């Protein structure tokens, strides 16, 4: 069994922000796989089903981004899933908008959600699926940037980005993370 956790902030206010792209991807994957995200527990909304042939629980922590580790740690323990079978989907400002990158382990890269997960688990030995949201223009405020909705130009291709991320995750879940890396790392998920 795999645990796929999409990071984001709960509530309508944040629904379409860059910081919630992890939620968006996880919700899209669940919809494509026919997994209903209606169960409540682990301070999250979640559902279980199959992504292709792989038993997968999709989790949307409802703790706010910076406390995501509490939800993910609870789910891993309760469901008996090893951290090596965890994939966390999250936004990354160091990748250009629409680019994807899988990574196993490593630091938090300034991402407070990842920082908290590492703190709760005591390590960073899990897979990350980073979705590029780009940096603010010039010396712009990073926090304000990620908490703003996608620009109109970004929204025009956002569906392509989400669909590409879902395909990349399907490959990573079914064929292994290395296959997902080989197929998608540093690839733009949209065509302009």
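Cβ coordinates come from backbone N, Cα and C, glycine included.
Here residue 9 (site 'Discriminates between blocked and unblocked aminoacyl-tRNA') comes close to 17, 19, 20, 64, 65: these same-chain residues lie at least six apart in sequence, with C-beta atoms under 8 angstroms from its C-beta. Residues or ranges marked as site 'Discriminates between blocked and unblocked aminoacyl-tRNA' by TrEMBL: 9.
TrEMBL lists 14, 64, 66, 112 with the feature tRNA binding site. Look at residue 64 (tRNA binding site): DSSP puts it in coil.
Feature annotation from TrEMBL assigns active site, proton acceptor to 19. Secondary structure at residue 19 (active site, proton acceptor), taken from DSSP and collapsed to helix, strand or coil, is helix.
If you look up TrEMBL, you'll see 91 marked as site 'Stabilizes the basic form of H active site to accept a proton'. Counting every protein chain shown, 25 other Cβ atoms lie within 10 Å of the Cβ of residue 91 (site 'Stabilizes the basic form of H active site to accept a proton').
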Candidates 66, 112: member of the binding-site residues with the richest Cβ shell (10 Å): 112
Assigned element (helix, strand, coil) containing residue 91 (site 'Stabilizes the basic form of H active site to accept a proton'), judged by DSSP: strand
Neighbourhood of residue 14 (tRNA binding site), C-beta criterion under 8 angstroms, separation at least six: 8, 20, 147
Candidates 19, 64: member of the recorded positions with the richest Cβ shell (10 Å): 19
